[in-house]
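What TrEMBL lists as compositional bias 'Basic residues' is 1-11. Residues or ranges marked as region 'Disordered' in TrEMBL: 1-44. The feature compositional bias 'Basic and acidic residues' is assigned by TrEMBL to 20-32. Under the heading compositional bias 'Acidic residues', TrEMBL lists 33-43. Per TrEMBL, transmembrane segment is recorded for 60-78, 98-117, 129-148, 207-230, 251-269, 289-309, 352-371, 391-414, 421-442. What TrEMBL records for 456-512 is domain 'Kazal-like'.
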Amino acid sequence: MTHNSFKKFHTSVKNFGNEISKRPKRDDNKSDETDDEKIDDENSAFQEESSKFFGSKKSFVLVYTLSAMLFNCGGSYTRGIISTLEKQYKLSSTSIGVMYALEDVISGILAIIIPYYTSKGHFPRWISFGLFLLSVSLVLQVVPYAIYGPGRDALALTEEYGSEFNGNLTWERIKRNKLKNLCFENKTTIEDCSDDVKNEYQFATTIIAIASSFAGCGQQFFSTLGTTYLDNNIKRSKIPLIYSAHRFVRLLAPAIGLNTASFFLKFYVAPHLHPTINNKDPRWIGAWWGGYIILAIASILLVPILAKFPRMLPRAVERKRMKGEQLMKNVEKPSIQDLFDTIKRLLTNKTYFCNTMAAIFYVFGFIPYGYFMQKYLQIQFLLSPSFANAMTGSVSFVASAVGLLTAGIVITIFKPRARYLAGWNIVTSFISALGLIAFGFVGCPANNNAEILRNSLESARCNMDCHCDFVKYSPVCGIDGVTYISACHAGCHDDFKFKNGTKIFTNCDCINSDKDFQSFTSTAINEKKFNSSAKPSPCYVDCLSYFYIFLIVNCINKFIGGTEGATNFLMGLRCVEERDKAVSLGLTSAIIKFGAVIPSPIVFGYIFDRSCILWGQTCSKNGNCWLYDNDVIKYTFNVTAGIFIMIGTFWDIGTWYYAKDVEIFDAELKDEKESDEK
């Protein structure tokens, strides 16, 4: 090292030492204060990052969409377990429709009041309150099961409570259980009508109805105010794509909800017990309550996050200030007279009126498929509840979501005028109506419930002395290849259980066949031959090929209907004045609720009940239906829905005629062009 280099190095070390000596020494007494300052700095940094997140439209769209998914998941999950609830609590389809209509009654009543009186408030907090009400609803749905458990019928189908090998059962009770299902003279077995059983059904239906009302109230806060908040904080030109993306994800939620229902229905309603039947048996009751717990926890976690968003997003505030607009319009206090004036303006708006009327008939025709699709598939194509939910959720709703997203992308790129959008609604409504009518000709010919009834009741003199009137629906397949309502209806006097657990009914007066028994049961038996026998569960009928035809037609219909969703939303939002936007969404919701959402499930539930050919008996009244006339349901259900859609098409023509002056993008595009020129 040279002398100069060493001199420079010595000088640097000396300067560094001087700097160290000048620094104040650490005072141990101030260590806590320094730590507090660090914590304050960290908190400030966190608050800054938090304000960026909660001030972003992307963040709100994300959180709002996730919350909306929970609403849709809850609704689709409930629809996926409707047939299971009917069996659990002995309900008819009409009763189910009335019970869940309470949700829409509450929602419809609040549809106008909530948007008007909360439109000057803090939207995100009201929206989060709606999500909180949903979580309360989901918790209430589980209460009947938490109190009463799986029920006596479900317990009777388990090894622990219903098996003859259960050591806790007396011989008298075992004998009584056999008498219930087999053919004996002078049998007087009747339904258990004790007060606790009746109270269980009444309490359960009451709690479910109350839960539905909470969900309806929460839905109104969440949906109407959320849509208005989005439209107020996002540019008009970006609304179609953002709304379509939002709806796309929301439409995936029913798929999640139905697949969740499919998952839980694979397990028995009492998972800790061992059922004696499998999930393909029509008496199977799955663990319908499990999904509600998961959805309730998820919704509770999102409530505080949604409430932290500001009254108006920062960029929306900046845009309004640049245009010289007031940040808070309509600062006058809400009044009843002003509300009536707003409603009058909307109802005299011909475009709005025609568009809303079209929506009523469209919803009336399509909503029963949301409520009863899984049940329809079980009846027509003999699918298990689990498989029906999985197929409906995985395919049909995805097709609808893709249609909606496609429409949003096309509208965003080409920015069509209002009349083009209204014209497209006419085309899609007409095609949808034809698609629904086509469903009336797609079924499974081999699946004939009316024939099962004739074999068991009308033409079966062999079981006249068996007294099967109060025997519960327990289908058996005779060795003759015919399905009977129960072993009693097949005239079976005894049952037999092999060492491997296979059970059959023997000495059946209504069954006479020389069919090989081993091929009938897939069980090798050498010591006995049973010519007049039956095995539990219905005879197998292959309907899958017909189901796939139905599924293809349904997916095409769902895709086309999805494209109409985006156009109809834009038309309804843009054909009203800016000051009437929130109330218009609420009024539309109320009209559709009372005109379609409430009566439609009741009407179509009545169609199901009118098609019933075998009712379960419970305490001197009808319980749930076990067998339907397939052909009657196929024609009346689908053709009726198609007629309502067709009527809506005529109102779409009215919307097209009056939409010539409606601006979808024009005003904003003009503003952007002027700003570019400046």
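Glycine is no exception: its Cβ is also placed from the backbone N, Cα and C atoms.
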Would you confirm whether the transmembrane segment (352-371) and the transmembrane segment (421-442) meet the contact rule of 3 or more C-beta pairs below 8 angstroms, pairs 6 or more apart in sequence?
yes
Using DSSP, how many residues of the domain 'Kazal-like' (456-512) fall into helix, strand and coil, respectively?
6 helix, 17 strand, 34 coil
Counting Cβ pairs closer than 8 Å to the transmembrane segment (289-309), the top stretch among 60-78, 98-117, 129-148 is 129-148
Criterion met for the transmembrane segment (129-148) and the transmembrane segment (60-78) (at least three Cβ pairs under 8 Å):
yes
Using Cβ atoms and a strict cutoff of less than 8 Å, what residues sit near the transmembrane segment (391-414) while being 6 or more residues removed from its termini?
76, 80, 237-238, 240-241, 243-245, 247-249, 251-252, 254-259, 261-262, 373-374, 377, 383, 421, 547, 551, 554-556, 558-567, 570
If you count Cβ pairs under 8 Å, which stretch among 98-117, 207-230, 251-269, 421-442 touches the transmembrane segment (60-78) the most?
251-269
Using a Cβ cut-off under 8 Å, which residues of the same chain at least 6 positions beyond either end of the transmembrane segment (251-269) come close to it?
68-77, 79-81, 84, 88, 145, 150-151, 154, 158, 275, 279, 284-291, 294-295, 370, 374, 385-390, 392-394, 397-398, 400-401, 404, 562
If one takes Cβ-Cβ under 8 Å and requires six or more residues beyond its ends, the residues near the transmembrane segment (207-230) are 60-61, 64, 67-68, 71, 74-75, 85, 99-100, 102-107, 110-111, 114-115, 118-119, 123-124, 126-127, 129-134, 136-138, 140-141, 143-144, 239, 242-243, 246, 581-582, 585-586, 589
PLDDT averaged over every residue in the domain 'Kazal-like' (456-512):
80
